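Below you'll find the structure, written out as structure tokens, and then a few comments.
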Amino acid sequence: FNAFNPLPFRESERESTNDLKVRATSVPESAGESSNPNQLVKTLTLGLLFGLWYLFNIYFNIYNKQVLKVYPYPVTITVFQFAIGTLLVTIMWTLNLYKRPKITGAQLAAILPLAVVHTLGNLFTNMSLGKVAVSFTHTIKALEPFFSVMLSAMFLGEFPTFWVITSLVPIVGGVALASATEASFNWAGFWSAMASNLSNQSRNVLSKKFMVKKEDSLDNVTLFSIITIMSFILLAPAALFMEGVKFTPAYLQSAGLNMKQLYLRSFLAALCFHAYQQVSYMILQRVSPVTHSVGNCVKRVVVICTSVIFFSTPVSFINGLGTAMALAGVFLYS
């Protein structure tokens with residue numbers, strides 16, 4: 001699970017990763033003449049993947065917020081998103097669009113803790129999006145590096161450098177400033193986003209704590225696919241217990257909701273949800289964790305700006321300044 005984890009590399013990991021890259025990209029001398037066109041294709045492919053990553057993320061946040069505004073059942077919505085992802089993974093493996101893995105019991109045991117925190121992270125994000133503005137949720141989620149540093153120090157014994165600690169100051173200060181001046185602020189939305197940060201960064205720590213042998217490791221796309229299926233299995237019973245069966249046509253009509261629009265937007269949000277995460281892991285296989293982290297920071301800026309414009313979210317000067325400080329700190333951290 002090493003590539004799944006965006007935490008900073010230690011020196012020993014750098015050496016092994018560099019060795020891996022040399023072996024993976026080495027070509028016969030006779031192929032040297034075609035290296036430039038190949039490099040151009042790889043660059044264009046990577047650019048396309050980044051564009052799709054941002055686009056899917058924008059539409060996920062827009063459609064998801066629209067659904068959560070009229071249908072305040074985040075657990076059911078999260079299960080539906082995992083269900084669509086599970087369906088897509090099944091189709092992908094059935095049609096051999098991606099190689100179906102052979103999973104051992106030891107691998108499943110190692111993946112289970114990752115699936116649990118992945119499930120909680122996405123659930124808490126949806127809970128936050130249902131309570132506060134999209135831009136505010138993503139501003140709070142800019143605190144992820146703070147949780148990453150804290151959990152790594154507590155459980156892995158990896159203590160940050162002076163410069164890493166310095167980069168956390170504008171992040172924490174910016175989020176505090178944005179929270180104090182946020183028009184849509186409420187504690188439920190705030191703590192849900194904070195819980196999402198804790199869950200997502202716990203996943204990164206667990207991916208190191210439960211690392212399997214190198215010969216048994218899985219690539220990122222396969223790992224994400226398995227986690228998606230496990231998340232659906234884990235959360236479906238909880239959704240029925242907590243929120244009941246409140247997604248049938250009869251219930252939606254009795255609640256005065258537009259059934260066709262709700263189903264369509266829920267499906268599009270779920271589709272974009274799985275697509276942007278799948279593309280994210282495809283990118284992570286092609287670039288270093290640092291490059292991926294910087295790209296994720298830029299993606300958060302794009303999502304915040306587009307959501308503010310689309311939903312006409314009121315943003316004061318101080319609020320915007322706090323958001324900008326937090327995002328600048330994340331960029332500096334990366």
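Placed from the backbone N, Cα and C atoms, the Cβ positions cover glycine too.
TrEMBL lists 10-20 with the feature compositional bias 'Basic and acidic residues'.
If you look up TrEMBL, you'll see 45-334 marked as domain 'Sugar phosphate transporter'. Mean model confidence for the domain 'Sugar phosphate transporter' (45-334) is a pLDDT of 87.
Residues or ranges marked as region 'Disordered' in TrEMBL: 1-20.
Here TrEMBL flags 44-63 (among others) as transmembrane segment.
The transmembrane segment annotation in TrEMBL covers 70-93 (among others).
The annotation transmembrane segment is assigned in TrEMBL to 105-125 (among others).
According to TrEMBL, the transmembrane segment annotation covers 146-172 (among others).
TrEMBL lists 221-242 (among others) with the feature transmembrane segment.
For 262-281 (among others), the entry in TrEMBL reads transmembrane segment. Away from its own ends, the transmembrane segment (262-281) comes close to residues 4, 49, 52-53, 56-57, 59-60, 63-64, 66-67, 70-71, 77, 80-81, 83-85, 88, 122, 220-221, 223-225, 228, 252, 292, 296 of its chain (Cβ-Cβ under 8 Å, at least six residues beyond either end).
Residues or ranges marked as transmembrane segment in TrEMBL: 301-333 (among others).
With a cut-off of 8 Å on Cβ pairs spaced 6 or more residues apart, the transmembrane segment (44-63) and the transmembrane segment (146-172) reach fewer than 3 such pairs and are scored as not touching. Long-range neighbours of the transmembrane segment (70-93) within the same chain, counting only residues 6 or more positions beyond its ends whose Cβ lies under 8 Å from a Cβ of the stretch, are 64, 99-100, 119, 122-123, 126-127, 129-130, 225, 228-229, 231-232, 235-236, 238-239, 242-243, 246-247, 257, 262, 266-267, 269-271, 273-274, 277. Cβ atoms under 8 Å from those of the transmembrane segment (221-242) belong to residues 1, 4, 75-76, 78-79, 82-83, 85-86, 89, 92-93, 98-99, 101, 103, 108, 111-112, 114-116, 118-119, 122-123, 274, 277-278, 281-282, 285 of the same chain, restricted to positions at least 6 beyond its ends.
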